[in-house]
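Asks: Dumping what TrEMBL says about this protein:
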TRANSMEM  A:21-40  transmembrane segment
TRANSMEM  A:110-130  transmembrane segment
TRANSMEM  A:151-184  transmembrane segment
TRANSMEM  A:216-235  transmembrane segment
TRANSMEM  A:242-263  transmembrane segment
TRANSMEM  A:289-311  transmembrane segment
Amino acid sequence: MKFLSLVSNEWIKIFSRTRTWVFIALPILIVLGVAIYGKVTEDDTVKSNWKQEVTQQNKELKSQIAEAKKDNSPKFVAQSLENEYKQNQYALKNDISPYETTSWKFMKDMAPLSSLLGLFVIVIASDIVAGEFAKGTIKMLLIRPYSRWKILLSKLIATLAFAFFLWVILVVATWLFGSILYGFGGMDQPYLSMIDGKVHEKLISEYVLANMGLEFIEFAVTVFLAFMVSTLFYSSSVAIGISLFLTFAGNALVLFISSKSWAKYTLFPNMDLTQYLDEGLQVVKGMSLSFSLGMLAIYSALFLIITFAVFQKRDVKA
Amino acid sequence: METVHTLELKEVTKKMKGKNVVDHLSFGVRKGEIFGLLGPNGAGKTTTIRMIVGLISMSGGEILVNGLDIRKNYEKAMEQIGAIVENPQMYDYLTGYKNLMQYARMLPGVTRERIDEVVKLVDLEQAIHKKVKTYSLGMRQRLGVAQALLHRPSLLILDEPTNGLDPQGMHDLRNYLRLLADQGTSVVVSSHILAEMELMCDRVAVMQHGKLVRIDNVTNVTDQAQARVHFLLENEMNEAKSLLAEHFPAKTVEVSEKELIVEANTNQEIGDINKRLVEAGFLVYGIQVKKKTLEERFLEMTGKGGNLNEVSVAGQ
């Protein structure tokens, strides 16, 4: 069990930093704040008159769609507006209020917080190798009786475990605060999604769980990317900067290259797995969930091979 | 006859940017000896040490730790080494104790009692539960020594260990290294400061431009130092010089104002020279024996002046 002590060493180091506790506390505080704010400002009149509200929304959507078609915005913009329009119609017809908040609805609404966690995970992953080079502690680590790949693997596992830990915290916190404020249960609330241009009814819990699962896969790939950057660069601030830039500029890049035929083979369009939960959100055409998972597997393998090969060979002069 | 070496380097070479930073370096460190690697900055000492502990790959040659090839039995070989490579950088957001715990978990058979023992040894008991960022350079150095000793390595490697130590700390370190060596630990110490090596080491290897210049017992390196004997005369310097040249053809004699300077190794030689001078009627009113300082010897060996015969490898 010698290898496990390497992982626990890394884990201890992660948790000995103040920033780690900020990374843990911040999402919890945000979820709590949003939950309380939502509860306090809950508008009962909208809730009871939701049909009026949704009809009004649809009027606006209609003009927006017409506008989008006129001024040549990308196709998917009109597409997603149209989807929203259709979903609203379906809701009106079947008497499913989109203003009904349950704990699971709350969890769904809080899902975008995962990109904040992604940011924290990038910081940890970028720093875990580069930081040791920057401070010179890497040589104290590498003179121990362990092959280099074991030391690197222990860092990778510790980072993934930390990412998983943050993710669990977000899930538990949203579920718990949601349940306390909006009541436990609500798993069977219907959720509307689009399949082949038609509105389908799903269980919201099903959607939330699928969403979280896919987001964790995105997390893992982000870790591999940041981990590679961390190994290639000696300075942790440079590594963090590059990882963040790649991740966020990557998303902007997707829009830029979306019309190219090779766009689907690049990393970033495939990084957003939750796009497959709602049809019509895809920016790049011709991809499916299994296609994206395959591409991510290939990219991850590539990142890891580069990371381990470079680390194994490198002369440490820090 | 091959004696068992704790550490053995055979033709070790490191190429960097087409240049041999370490060039076919061979030496062996015996069990229980303190071995010095001596050389000016850039001579390749640190690169050599980094190759021994696996931080830098070798371009050629072989390194054996207790007979284990570090390329083939890396983990087994590293288990027997404790090291400080340049400054011991610690995790400054952890306490000294937690730093030691990190390394203790990575090494076989280090108990909490052993950690306490080592902490006591390096005299850090007061500060061990404080964060390393509050430590002075000397305290960090001592913590570095502590982590190197945790698992009772049979080979201890210290790169410039006295950096940042005060005289008392240096004294303590020397005593402790001697104690370890007496118990059978082999110690390799690198330094560019000669006086330190003289006090600390049994044998020294002198390096220059990645090559071994000389390897010998430290006493030989210092004592063999030829003395420059100054004979103080009133006048007739040139006559005296030709007299000596006649009787001692092997010696070179320098003349400076009222001195004849002759290199001599033994008292007998000095006496003989003096006798000749006096018998020939010169008035010798003083004789000064000036031993070359280690500094001068070192400059000589590493090629700034001095003769080349001596620069070749000796004592292997």
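Glycine is no exception: its Cβ is also placed from the backbone N, Cα and C atoms.
The structure displayed is predicted, hence computed values, not measured ones.
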Asks: Please check if the transmembrane segment (A:151-184) comes into contact with the transmembrane segment (A:21-40), where contact means 3 or more CB pairs closer than 8 Å and the residues in each pair are separated by 6 or more positions.
Replies: yes
Asks: With Cβ-Cβ distances below 8 Å as the criterion, list the same-chain residues six or more beyond the ends of the transmembrane segment (A:216-235) that contact it, or say none.
Replies: 114, 117-118, 121-122, 125-131, 133-134, 152, 155-156, 159-160, 163-164, 167, 242-243, 246-247, 267, 271-274, 293, 296, 299-300, 303-304, 306-307, 310-311, 318
Asks: Other than its close neighbours in sequence, what residues sit by the transmembrane segment (A:242-263), given a CB gap under 8 Å and a spacing of at least six beyond its ends?
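Replies: Answer is 74, 118-119, 122, 125-126, 222, 225-226, 229-230, 233, 269, 271-272, 283-284.
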